[in-house]
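Report on the structure given below.
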Amino acid sequence: MAGNNSEAKVVRGASLLILLQVFSRAVTFVANQLLLRFMTASLLGVSTQLEVYYLSVLFFARESLRVAIQRQGPLTSTSSPAAKDAKPTQGDGKQNTRAQETQAVVNLGYVAIMLGLAVAALLGWMYLGSIPAATLLSTPYLAPSVYIYALASVLELLSEPAFVVMQVRLQFGARASAEGVATFAKCAVTLASAVWASRNGVELGVLPFALGQVAYGSGLLVTYTWYGTGLARREGFSLLPRQLGQGRDYMLSYFYQPTVKLASSMMVQSFVKHILTQGDTFLVSALSTPTAQGVYALANNYGGLAARLVFQPVEESSRNYYSRLLSSDSEPAPPAAPPPTEKQTAGKDDGVSAAQGGPQPSKTALAQASDNLTSLLRFYTVVSVPLLALGPTAAPLVLSLIAGPQWTASGAGEALAAYVYYIPLLAINGLAEGFVASVATEAQVHLQSAWMTAFSVLFGVSGYVFLSVLDWGAVGLVWANGINMAGRIVWAVWFIRRYFSQRGTRWEATALLPNSLAVLAAAVASQVVRRTVNSEIAGVGVKIILGELVKVVGTAVPFVGVL
């Protein structure tokens with residue numbers, strides 16, 4: 001079955017992406033450790049703001065398009081200039097159809113470029129206008145760095161037409177090469193410029209980060225263009241925009257309307273999702289100093305390392321997998337349905353009911369998706385048990401070793417300890433919302449956006465209370481994020497359960513929970529490490545810190561054995 005082949009390819013791709021993330025993050029990690037010796041908490045805080053600006057441009061320009069492209073079905077029209085221009089090969093009709101569908105994806109990549117130019121200019125103007133005069137004066141080359149970050153975002157978006165082709169064709173090798181080249185270039189340029197400035201007594205401020213981001217975007221553009229050009233030459237499409245066809249299914253003859261419409265409906269959700277994702281940075285920028293922002297940024301970088309290494313590749317690959325499995329492996333809906341039961345009638349207006357009169361995923365595909373999703377989520381919850389039991393005690397000690405005692409003394413250790421509780425929520429939410437994005441209809445996307453807006457308000461209120469009223473600093477910000485993420489998980493789990501239930505497939509959230517013995521062992525292990533390990537001595541000496549970490553490991557060994 002096609003679903004099994006797709007699953008195997010996605011699993012291999014996810015494994016490759018995880019290895020790529022491990023390599024790229026290892027290189028980035030080493031470079032960051034060296035950079036920490038050349039910078040202050042204030043500079044790190046400002047660089048985090050610039051990174052949020054950069055990520056915001058990319059997110060608003062391409063995120064909704066990427067999700068919509070993954071769900072694009074076969075084009076309905078065959079009167080395509082792109083298909084006519086395709087070079088004849090074996091299986092001419094099938095090859096031309098595939099070239100036409102690929103060309104539609106390429107054309108949508110140029111929409112991201114156009115959006116990116118506008119968003120980069122707008123957000124750049126807003127950010128420059130919001131920078132306090134004191135920060136602008138105390139941070140060398142801050143304004144030029146904003147312009148350079150804007151250039152870097154445009155360079156990365158120029159690779160979007162080639163990237164989306166690699167995405168829909170599951171060309172994970174090309175992506176691994178591009179990410180590897182770009183990451184190495186970024187680290188080399190950032191570190192080289194920082195070391196040069198230090199040796200020559202030149203204050204560059206955040207300029208090394210900006211130059212490194214340009215190198216990253218350039219690396220992606222060159223590598224994706226190389227792979228995309230080769231694929232286009234072999235299969236008869238173009239990396240430049242071409243006309244697709246005429247009729248109401250095409251906008252301006254270049255863009256496939258159903259995909260554009262879906263992307264437009266997801267734009268509001270993408271905006272809300274990004275505000276929630278980067279809301280911690282927005283909030284800490286408004287309620288704290290650049291120094292405090294740097295402390296939180298350090299804790300966030302180290303705490304989110306697992307999310308970037310493992311969870312993000314799994315989320316992206318599973319989203320692609322579920323989109324294909326539950327849309328392509330389908331069977332026609334029955335011509336006549338029995339009268340709805342009272343329960344079905346009550347669920348009609350909840351935004352999650354199965355569509356009527358259209359193709360539905362097969363029972364086999366639904367069962368396969370349910371089993372895989374349950375297995376992944378349960379794996380996350382089981383792994384979270386020892387992490388929550390031992391991580392908060394070990395986190396300040398580890399931070400003191402890798403970042404130095406000056407950062408531990410700034411409060412980053414406490415923030416990282418709190419972040420350990422947040423990591424399982426990140427993992428579960430990413431996978432659950434990835435499934436929702438794979439199967440949700442336009443109406444359901446709007447429903448999710450409404451709930452996410454409510455959660456964003458809850459996050460803002462929680463953040464204000466924790467930061468301004470209780471003065472918890474970065475720790476309070478982590479807890480505000482946790483409250484927001486927990487709400488999003490509850491909604492996503494409710495959606496998933498309703499989705500499978502409406503289609504006659506069983507999916508129970510209780511199957512995700514760890515067993516009672518594991519929870520009891522976690523409680524005992526947590527109390528043992530809290531009583532025997534002194535995490536507050538971080539910074540007094542490497543040997544003493546290593547001795548305390550040995551105690552944590554000694555507690556972990558029998559605990560993991562129980563699991």
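For all residues, glycine too, the Cβ spot is worked out from N, Cα and C.
Here is what TrEMBL says about this protein:
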COMPBIAS  332-341  compositional bias 'Pro residues'
REGION    75-98  region 'Disordered'
REGION    325-365  region 'Disordered'
TRANSMEM  34-61  transmembrane segment
TRANSMEM  104-127  transmembrane segment
TRANSMEM  147-168  transmembrane segment
TRANSMEM  379-399  transmembrane segment
TRANSMEM  419-439  transmembrane segment
TRANSMEM  451-470  transmembrane segment
TRANSMEM  476-496  transmembrane segment
Interface present between the transmembrane segment (419-439) and the transmembrane segment (451-470) (three or more C-beta pairs under 8 A):
no
Can you tell me which of 104-127, 379-399, 476-496 gets the most C-beta pairs within less than 8 Å of the transmembrane segment (419-439)?
476-496
Suppose I define contact as three or more CB-CB distances under 8 A, residues 6 or more apart in sequence; do the transmembrane segment (34-61) and the transmembrane segment (476-496) meet it?
no
Tertiary contacts of the transmembrane segment (104-127), defined by C-beta under 8 angstroms and 6+ residue spacing from its ends, are 49, 53, 56-58, 60-62, 65, 68-69, 72, 75, 82, 146-147, 149-150, 153-154, 157-158, 160-165, 168, 237-242, 244, 254-256, 259-260, 263
